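Enquirer: Sharing the feature lines straight out of TrEMBL:
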BINDING   B:A32, B:L61, B:L97, B:W390, B:G397, B:I398, B:I399  FAD binding site
BINDING   B:Q169, B:G170, B:N171, B:V172, B:R213, B:R214, B:E225, B:G397  NADP(+) binding site
DOMAIN    B:23-199  domain 'FAD/NAD(P)-binding'
SIGNAL    B:1-19  signal peptide
Amino acid sequence: MLVSRLSAVRTQMIKHLVKAPLTSAPKTGNFSGHYGYIFHNPKHQTYSSTTAHEEGDKKVEEISVTFVDKDEMEKHIKIPVGMSILEAAHENDIELEGACEGSCACSTCHVIVRDMEYYNKLEDPTDEENDMLDLAFGLTETSRLGCQMVAKPELDGICLELPSATRNFAVDRYAKAT
Amino acid sequence: MANFQAGTWLFRTFSTVASQPLRVCVVGSGPAGFYTAEKMLKAHQEAEVDIIDRLPTPFGLVRSGVAPDHPETKIVVNQFMRVAQHERCSFFGNVTLGSSVTLLELRELYDVVVLAYGAESDRVLGIPGEDLSGVYAAREFVWWYNGHPNCRYLNPDLKSSDTAIILGQGNVALDAARILLRPTTELATTDIASHALAALEDSSIRKVYLVGRRGPVQAACTAKELREILGIKDLHVHIKETDLLTTPADEEEMKNNRIRKRVYELLSKAAMTRPSHPSSDARELHFVFFRKPNKFLESDERSGHVSGVRLEKTKLIGIRPGERTAAGTGQFEELGCGIVLKSIGYKSVPVDGLPFDHRKGVVPNVRGCVLSDTSGDPTLLEKGLYVCGWLKRGPTGIIATNLYCAEETVASISEDIKLGRLTSSSNSGREGLLQLLDNRNVRVIPFRDWEKIDSEERRLGNLRNKPREKLATLEELQKVATD
Ligand SMILES: Cc1cc2nc3c(=O)[nH]c(=O)nc-3n(C[C@H](O)[C@H](O)[C@H](O)COP(=O)(O)OP(=O)(O)OC[C@H]3O[C@@H](n4cnc5c(N)ncnc54)[C@H](O)[C@@H]3O)c2cc1C
Ligand SMILES: NC(=O)c1ccc[n+]([C@@H]2O[C@H](COP(=O)([O-])OP(=O)(O)OC[C@H]3O[C@@H](n4cnc5c(N)ncnc54)[C@H](OP(=O)(O)O)[C@@H]3O)[C@@H](O)[C@H]2O)c1
Ligand code: FES
């Protein structure tokens, strides 16, 4: 897989933060600490084509992704293989929330994969992702968390929908009649 | 309210005059308040948004509710901070709606008032003994360990017995149980309040009972929180296997609700798992299902203090398709303890001049527009007054729920602006408010003063290997803010 070293490291770091067992040593963190750093540090240069040259056997190093926003407007972007969908959305000014900045702790980066065929190409969600998907607003059969989805060649051409509140926010889904 | 109806000729509507600033006041700086502010600033270039909060500190329950061992959940404040620093946004802490300023005054000062002040009281059980000492609302306990100034001196009794009973099985109950059971060495590196850490280090609580009036299929918690507590080191989890037997109605409920199914599966798995090597210092977590509290028992030795809870066994009865409630069976049992936390839900409190639905504990509204009474008549609207968050929907939902809730409220405001339903008078907004507060000697804490508190807390935390050391009294907070 053609992933430049830095981006691989970054993805790893995100994964590490995300997948750290919930019950091991407590996660220390602070309001604008290192998580924020990982996310907001723009590193476009990371995805230069030089690595393709050095390691070059694969052709696809960027994939095309279409986002459909709340007003049904489509936006087409290119995402380097190895980058998370959330990060790519933010670098391209797509209004995908990411309240916990990719720590798998908020569910605001929820996206809906439009095509079941593409959905099936994704690895199964981990327990932690499923725990957050449980709480995602307007969950569907093909929902995933943008921060847990990493661009890979098979996903070239995927179409992702951003769930809209105004479309379906009528009652709090969690409100129970007691 | 004469101001809102009389002399329309004086007012101009916003749809026609865009250069006129739209003066917006958001009351409450929790997720609902900040998401509302963010969306208003984005949707309306002419909007100036002031957020007021009764505390010197912003962020509501993200600071004083979210558990200290959930730092990743608090990352959302980065986003809120960017909102507060927006050039058209201001934060004024230490300003209480109802005492520093009245609702009527705010409505006269601002074109739009959005109430997002949460739910800062508790549901009550209404059973004998509820006011014995040693019986606390989970809200108070949470405020205490999170350093909320209102509960700095709660000093919950963690020493007189080894057992705590928590009533309710929602996520707040699980948070409280986890804080009581988790090794304090693990809490020591979180932003837990230091007074709470010291008390927990000294605590003799080894056993926690989580009591639910319904069954494991109806437990109100979510899988994430449950998975976390089940994974605590050296914790023995007790669940009666007979409680796990399901009925066709349970199966139906799980089929229709992904969360219920996953929670039930986790509980079943935990019931089957036996501890591999029992250690002497092991702590115990008991899930008690199908029991509702009937009476708090008073201690013989310590008068006025709780010594246990009498529970009534329940069975589930259907009230509507897909909805079952717990009914008492007339069989009772007693459970001893030294402390009880009631975690049966929060409740909002009204302020003067605000329509309020006392039964539901929310402000009557349609999509965030405040209604004049609880009759449900959608035409009786309070012009320019809106609501968001727990005050609008009741005390349920995660942080993200408030994002969608704010989207809805802001859409309602935008519609009112578009249809010319909002009128602008000579409202003086921010200047007027600050003048009024100054006249009343209210010491307003603007965002830059909160930033002083923030950096002092981080500095203190740094000395103790914690992300922050919260200042937990109003005096300390105000002192650092003014220095
Ligand atoms: C113990 C606990 C833990 C939680 N943990 C999580 C979690 O881990 N993850 C998650 O997603 N959700 C969690 N939640 C849910 C989440 O915190 C709420 O959904 C959310 O905070 C509600 O937002 P709000 O803005 O309506 O209210 P709040 O967050 O309560 O904000 C209300 C604000 O209004 C202020 N205020 C109150 N009265 C006045 C007044 N009269 N004048 C001026 N200001 C006033 C308060 O000081 C406060 O800042 C938790 C909730 C609780 C209770
Ligand atoms: N990590 C997180 O994501 C997190 C953490 C904390 C809180 N939160 C959210 O914050 C919200 C509030 O949490 P919460 O735990 O306060 O509320 P909750 O989820 O509504 O749970 C309330 C609990 O109290 C019980 N109860 C209510 N009235 C009762 C009565 N009269 N007698 C006995 N039991 C009674 C309920 O039982 P019944 O089901 O039978 O009514 C339920 O078990 C929730 O939406 C929660 O998800 C989220
Ligand atoms: S950004 Fe929070 S879960 Fe993905």
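In case you wondered, yes, glycine gets a Cβ from its N, Cα and C as well.
Note that the structure is a prediction, hence the values are computed from the model and not measured.
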Enquirer: Restricting the comparison to the binding-site residues B:Q169, B:G170, B:R213, B:R214, B:E225, which residue's C-alpha is spatially nearest the C-alpha of B:G397 (FAD binding site)?
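Expert: Of all the candidates listed, B:G170 is nearest in space.
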Enquirer: Going by DSSP, give the three-state secondary structure for B:G397 (FAD binding site).
Expert: coil
Enquirer: So which of these binding-site residues, B:Q169, B:V172, B:R213, get their C-beta under 8 angstroms from chain A?
Expert: none
Enquirer: Using C-alpha atoms only, work out the spacing between B:E225 (NADP(+) binding site) and B:L61 (FAD binding site) and round it to an integer in Å.
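Expert: So the Cα of B:L61 (FAD binding site) lies 17 Å away from that of B:E225 (NADP(+) binding site).
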Enquirer: Counting only residues 6+ apart in the same chain, whose Cβ is under 8 Å from the Cβ of B:A32 (FAD binding site)?
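Expert: Listed in sequence order: B:G60, B:A116, B:G118, B:C388, B:G389, B:W390, B:L391, B:K392, B:N402, B:C405, B:A406.
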Enquirer: Could you check which of the binding-site residues B:N171, B:R213, B:R214 is the closest Cα neighbour of B:L97 (FAD binding site)?
Expert: B:N171
Enquirer: What binding-site residues in B:L61, B:Q169, B:E225, B:W390 place CB under 6 Å from ligand 1?
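Expert: B:L61, B:W390, in sequence order.
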Enquirer: Could you work out which of the binding-site residues (B:L97, B:V172, B:I399) has its C-beta surrounded by the smallest number of other C-beta atoms within 10 A?
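Expert: Each of the binding-site residues B:L97, B:V172, B:I399 was scored by Cβ atoms within 10 Å; lowest is B:L97.
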Enquirer: Once the DSSP letters are reduced so that anything not helix or strand counts as coil, what is B:N171 (NADP(+) binding site)?
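Expert: Note: B:N171 (NADP(+) binding site) is helical by DSSP.
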Enquirer: Widest Cα span across the FAD binders B:A32, B:L61, B:L97, B:W390, B:G397, B:I398, B:I399, in Å?
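Expert: So the binding residues stretch over 24 Å, Cα to Cα.
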Enquirer: Cα-Cα separation of B:R214 (NADP(+) binding site) and B:I399 (FAD binding site), in Å?
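Expert: Between the Cα atoms of B:R214 (NADP(+) binding site) and B:I399 (FAD binding site), the distance comes to 26 Å.
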